[in-house]
Each structure stands twice: as structure tokens, then as C-alpha cells.
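The structure appears right after this line, and notes come after that.
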Amino acid sequence: MMYLKEIVKKNKVWIGIYIVVGIVLAFLTNLSANYYQQLIDHFTAGTLTFRFIIIYGSVLLLICIGNYLDEYPGRKLENGIYLDLKVQALKKVSCIDYQTYQSLGTGELLQKIESGSGAGKRILFDFYFEMARKLLPSIGFSMLFIWRLNTSIAYAVLAGYILVFVITNILLRSLYHLKEKILNNEEQMTHFLTRGFMEMVTFRLHRKFKAEIAHANHAKTQIVDSKIKMSLIHEAFFTLFALLVTLIKIGIILYAWFTKSLTIGAVIALITLVDHAYTPIAIFNVLFVQYKLDQSAFKRYTHFLDAKEDKQLQIGEPLQSLQGAFNICQIDFAYSKQMIFKNLSLAIQAGEKIAFVGGSGSGKSTLVKLLIGLLKPTCGEIQIDGQALGKICLEDYYKQILYIPQESPIFDGTLRENLIFDKQIADEEIVAVLKHVCLEEWFTKLSHGLETKLGERGITLSGGERQRLALARIWFQDSKVIILDEATSAMDNLTEEHVMKAVLEVAAPCTVITIAHRLNAIKDFDRILAFHMGTVVGEGHFNELLADNDYFKELYHVGSLEE
Ligand SMILES: Nc1ncnc2c1ncn2[C@@H]1O[C@H](COP(=O)(O)OP(=O)(O)OP(=O)(O)O)[C@@H](O)[C@H]1O
């Protein structure tokens, strides 16, 4: 509820207006029923006046105007709340803890956000606001007018309310179970859709789509069956409810007929008022059932909003001007139970060009993620320019470093966005940089130039083009530390050599940390660290390691054979 309270606080003025307008409208609607009774009675008694018709007409006119004016705050709040909840999800992603983020599935999460935002909007807008502005005032005002006309009928209407509540609560029990089933299956459905879309090539070549469609069909059947059952239960309630209202109306007519205590106007007004008193109850019941069911969808969404955050992104010691010296002091790190580093220590000088090499799974990418603060050591400390990395404000740190990840270095956006993000840089300057990364010719073929859309994960580019584009960012960012995780692995040898030369030139004053599998690419690096199962098993310049280190020699020869 904390998240909904925040939204209420943000929109308090409009919510206030919306509720007040609703209450006034509920009063006027019931008042009009009352005037209608008097109008009929005056009419039959021959005492109707022009003044009375004007007053009655004015009330009806005010209702029309009020209903129209009500639309503005109504639509503003309805759409605003739903979209605010979606924005909250993006805000959450911006500060979520990296390991928690890794444990989330895209498809299921998207469905959770979609269902949760809709549920949150309905909880506030369709339930709480409707209750405050329409249902409670309507019930209150109609009961008041019924009471004034006849107290016995008012008691009968109240007894009906109690009966309706009892039935609703019985129905809710079976509906909960169905709703949970629908939500689970809807999340599964989006999961199958998202993964089918993202893994199209793998699934097609492994002929997995048949099984995938069968899974999706199973989820579909479950959703459809559960939704039919839910509708049937809802409809059964409505039928019972319509019967109850009909019985009360017949009861009023019989009562008036036997007792002769009511005028024609009063009978008509009572029948209208019973509708005014019971329609909100019928609506309330639908909304209450929906509210209870929405709570389960909203809880699944708030579970994501409550996920662990990386507090260090905003809070921490300020980091002034970065020099780029790292000191890794006796760190331990494990992924759940898999120990990756035990008591690892090493130092990197400011301005040093250092490469991490080693077999697959030896921990190179994990170390890099520890150095950029995405992962946190379970023990020990990483220092940057003598300051504990675990205590500094990461936003300050990220302003001064550049990291090019192994997976998907290009995001869904234009070429310009992918190169300079939100900076303002002249086109000529951007195009000039493309020459350094051997993309000049490729660029001239683009029909939309810098505004060319690159597709999800840069799907319209070759692997080597993606990597060269990502490396071009080095020219646009004033970084003191550049970290590259296999940033040239998809390039041919010639292009790799040319691009790396240009990168090392522009990054001459910076600390450069790179992970490389192709060892020829790091011949000119100041120092190479060879990793094996989370420990450093070799350290030195390329030629030294090739001469003295068996593990490095093996990596080199196997790599050369592969090439
Ligand atoms: N998010 C994760 N959760 C659990 N285990 C992980 C996770 N990421 C990596 N690992 C495991 O940690 C170990 C080290 O992985 P890491 O990616 O650091 O290796 P690497 O040396 O960079 O390998 P490669 O050269 O193949 O990229 C591997 O055994 C890997 O399976």
C-alpha cells in the first residue's frame, strides 16, 4: 500500500476535487428522485407551480453539467495512476541490486508490471475513489430519502444489504483461487512469448517451437477455463441480486396496496430510490470482489518493487577526480554456493593497461563486475584511489568510468543514442570518431545516418560492428578508467589490431582493464594476469608469460590453433 499512498500524495488536489464532485453528484441524483416524487404528487393534486418545475429542471441540469465536468479529473487520474505505476517499475530497475536483477525473468516481470499497474489503478481509482465519491454517498443519501418516506422499507433494504455481503464473502473464496491460477498462467504466457521472440533462431534451429506453442496453448486453456468460471460465478451473483431487488420492488407495491399509506409519487420515488440504494451495492460487490482479486496481482508487482536495491547508487562518499588506481584486498566472492574468489589480492596502477586472461569460467567477468561495483565482495575490500569502493557513491564513480560489457553492448535506440547517449555533440565530430573504429564506410551506406535505428540489442548489425560501435563511446566520454569485457572478440584480426591501436592511443592517460581471449590483441599491454579457477596463476608482460608460464603458453597455443 506504500506505493499507492505515494501516488495519492502526489495527486491529492485532483483526488480531492474528484471526490467532492462525486459526492455532490450523488446528492443531486437522489435529490432529483425526491423532487420527482413531489412533482408527481403536486401534479395529481393540481398544486404544481412554475417555480417547482424550474427548481427540478435546474437540479437535472446541474447533474448533466456535473457529469461532464467530472470527466476531466476522472480521466486524468485513471490514466495517470496506471502510467505512474509503470514509471515506478522503470525507476525500480534503475536502482535494483544487480544480482536480484539477474534472477528476474523478462517475460514474467513484464506481465507482473502490466497486471500489477492495472490492478493498482483499479484498487485506487475503481475501488477507493468510487467508494468515497459515489457508492457510500449514494447509499447514504438514498437511505436517508427512503427513511424519510418510510422507515419499515428502510429496514428491509438494510437487511438486504447484509444478505448481499454474506453471499459476496462466500463467493470470494472460490474466486481467489481462480485469480491466482489466471495470474500464474498469464505470466507463463508472456514468458513463452518473450522467450520465443528473443530466442527465435535457437528455437527454430532446435525445432523447439512446437513444444513451446504446446506449453503456451496449455496456459491459454487454463486462463480461458478459469476466466469462464469466474464470469459464471459473477453472473450467478448478479442473477441472485436482480431477484432480490425485484422482490423488494414487488414488496413495496404490495405494501402500498395493502396499507394504503403511500402516495403514487412515494411508490415511484421508493422504487427509484431502491435502485439508487442497490445499484451502488451491486457495483460495490463487483468492485469489492475485483479489489480483493486485484490485491493478489498488485502484491506480485509490489514484490518486485520491494526487491533489494543498490543503495550505493545514490548514497555514499563523494568521489572527486578519479585517477584510476585499484587495490583489491583479500576479497571473497561467491554466487550463492559457488565460490569464485577466495582471498584474492591484486593492485592496478593508475594509467596501467592491464589484461585479464584465462579459461572460460575462471572468474574474469565476475572480477570486472566487482570492480565496477555491480557485484559486492562478501569479504575484503576493493579500493579505488585509496577509497573503499563499497563506500563511495556509485553515481559519481560511473560518471568517470566506461564499461563495455560482453553481452549486448548495443541497446535498442538510434546510432546517435548508442554513441553519445544524451550528450550534445556535433555530427561531424561523431562521424570523425567512426573512422577510428573502421565504421566510416558502413556509416555512408546508412539511409538515415545517425538517426538509424539499430534494433533490439543492435540486431541489425554484425557482431564486429556492434563491438566497434560500443568502442567508439570511448571518444565521447571523459573516462579515467576503461573496462572492456571481450570487446573485440567478434572482429577479424586486422580490424581488431587497427581498432585496439586507436583505442590505446585515445585511452593513453586512462587505466585500461580488458578481458581477452585472443591473446595477440594484448601484446602491447603493460601487464597480463592469467586466471585459473578464481586465482592468479601468471602475471607479467606478454613475452615474459609466453616464455615462463605454462598455463599462458597453453592458452596461447590453443587460441592460435582455433584461429
Ligand atoms: N549470475 C550468476 N549466477 C551464478 N553463477 C554465475 C553467474 N555468473 C557467472 N557465474 C558462474 O561464475 C563462474 C565465473 O564466471 P565468469 O563469467 O566470471 O567467468 P569468465 O572467466 O568471465 O568466463 P568467460 O571467459 O567464459 O566469459 C562461472 O562458473 C559461471 O558459471
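Count begins at 1; order follows the chain as displayed.
Every residue, even glycine, has its Cβ placed from backbone N, Cα and C.
The transmembrane segment feature in TrEMBL is assigned to 12-36 (among others). Within its own chain, the transmembrane segment (12-36) is flanked in space by residues 52, 55-56, 59-60, 62-63, 66-67, 69-70, 73-74, 76-77, 129, 132-134, 137-138, 141-142, 144-145, 265, 268-269, 272-273, 276, which lie at least six positions past its ends and keep a Cβ under 8 Å from the stretch.
If you look up TrEMBL, you'll see 17-293 marked as domain 'ABC transmembrane type-1'.
According to TrEMBL, the feature transmembrane segment maps to 48-69 (among others). Tertiary proximity for the transmembrane segment (48-69) is limited to same-chain residues at least six positions away from its ends with a CB under 8 Å from its CB atoms, namely 21, 24-25, 28-29, 31-32, 35-36, 38-39, 42.
As annotated by TrEMBL, transmembrane segment applies to 153-172 (among others).
Per TrEMBL, the feature transmembrane segment maps to 236-258 (among others). Residues 152-153, 156-157, 160, 163-164, 167-168, 171, 266-267, 270-271, 274-275, 278, 282, 285 of the same chain lie 6+ residues outside the transmembrane segment (236-258) yet bring a C-beta within less than 8 angstroms of a C-beta in it.
According to TrEMBL, the transmembrane segment annotation covers 264-289 (among others).
Confidence in the domain 'ABC transporter' (326-558), given as mean pLDDT, stands at 91. The domain 'ABC transporter' annotation in TrEMBL covers 326-558.
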